[in-house]
Amino acid sequence: MELGNNTRISEFLLLGFSDDLEQQSLIYGLFLSMYLITVLGNLLITLAIISDSHLHTPMYFFLCNLSFADICFTSTTVPKMLVNIQTQSKVIAYTGCITQIYFVLLFAEMDNFLLAVMAYDRFVAICDPLHYTVIMNPWLCGLLLLGSWTVSVLHALLQIFMALQLSFCTDLEIPHFFCELNQVVQIACSENFLNDLVVYFAPVLLATGSLTGILYSYSKILSAIHGMSSAQGRSKAFSTCASHLSVVSLFYGTGLGVYVGSARVHSSHSTAAASVMYTVVTPHAEPLHLLSEE
């Protein structure tokens, strides 16, 4: 990519959290521990589901895919940050930045769609239990997963295509610990209304669609729970739904914090904190919380 002075962009600088060596050591240890726990925890969940035939049900099928997406999601951002801290370098190659943006968008959207699909699964299980196995058959589960991957890949490709149209002048510093698309758009010196529209509107449209589906499913679920005659049945159904809703709140709450914060011209500590929750804490908490209630 060419700049206004005809010099070629080869790298960006990730400013991270702090330049203080003691704080960097603390951040390194904290993120390394959280990353290892996240990867190992999700990997164990995936292996347990795959190896146990009793867990080969639609809910665990989607939970397994959520664990896989979360491993990939956190592995897209954290290892590069750890390497930069260890080597005392803030550099990320231009191609590396674009690649990181692509996979962050891809796996974030997969989480988005999988949470919606899991809400639909709970809706069928509670509102129409007698026909659950007929409705949630392997063909439909595979189709829902394929649809989630297809839309996620296409959305990430669209955003990357728009990012490749950006040009940069002299400010190549990204006030973040990874290449976050909105922050990259902020430092670009080119102005393109279509780029901005796609970058900011497309994620909102997809998230709103999934969240609307989740809220609709749970409105029906709550009505069904209210009509149950068995107190034990109500308690079990509500417990399962509460765990999923808490994960939904964590995912969309932190996602909204990152989106709103990164849209500002200047990044803040609150934006960084939301990004940590979104990229590290949420992938760790999602499958474990859902599994604990199953």
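Placed from the backbone N, Cα and C atoms, the Cβ positions cover glycine too.
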Range among 93-116, 237-260 that TrEMBL annotates as transmembrane segment: 237-260
Same-chain residues at least 6 beyond the ends of the transmembrane segment (197-216) whose Cβ lies under 8 Å from its Cβ atoms: 105, 109, 112-113, 115-116, 119-120, 151, 155, 158-159, 162-163, 181-182, 185, 248, 252, 255, 259, 263
Average model confidence [pLDDT] within the domain 'G-protein coupled receptors family 1 profile' (41-252): 88
